[in-house]
């Protein structure tokens with residue numbers, strides 16, 4: 001089983017992933033916990049490039065998208081597909097839906113570009129995607145409490161509003177796969193809501 005976790009900054013994805021990871025392990029199941037961008041040594045190097053705040057050069061939106069997919073291709077081949085072939089459960093902090101929400105809805109890139117990349121480099125989609133949804137202001141306040149903000153977290157409120165709208169578009173288009181979780185609830189309540197979809 002392949003499960004991805006999506007949402008804007010500070011909505012509690014990491015906390016939920018840890019809880020679900022523990023839940024499956026207590027059932028004696030083998031679980032792989034991973035993230036995007038990242039998940040392999042090479043993909044983590046790309047992640048560092050993507051998140052770094054570079055005052056000397058602005059990263060173009062196309063470059064950002066291509067770097068994310070370079071990391072994703074490596075991640076799929078090295079981690080996700082081998083784990084699924086071994087009948088392990090894969091829990092991924094973000095996957096292709098993040099690219100639609102952030103790069104297409106947020107940045108305004110063409111969906112055709114994303115579709116082309118998905119067709120050529122993404123051979124497996126999650127069976128279940130949890131979208132943790134909360135007001136942008138709430139999530140950003142939580143993100144600020146964590147400390148220094150990365151390149152994405154420093155974006156304006158209007159950007160994250162578009163990202164959230166992108167996630168909502170996906171959720172309405174694919175309600176069977178994408179499950180919206182109310183991230184204004186406590187971590188335990190979010191976990192209980194998620195478990196209902198995994199029963």
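Think of each number as a place in line: the chain as shown, counted from 1.
Glycine residues also receive a Cβ, built from the backbone N, Cα and C atoms like all the rest.
Annotated ATP binding site per Swiss-Prot: 7, 8, 9, 10, 11, 12, 13, 14, in sequence order, evidence recorded as sequence analysis.
A 10 Å cutoff on Cβ-Cβ distances gives residue 14 (ATP binding site) a total of 12 other Cβ atoms nearby, all chains included.
For residue 12 (ATP binding site), applying a Cβ distance below 8 Å and a minimum sequence separation of six or more within one chain yields 132, 134, 142, 183, 187, 190. Remark: of the binding-site residues 7, 10, the most isolated position is 10 (fewest other Cβ atoms within 10 Å of its Cβ). DSSP assigns residue 13 (ATP binding site) to a helix. Here the binding-site residues are 8, 11, 13, and the one ringed by the most other CB atoms within 10 angstroms is 8.
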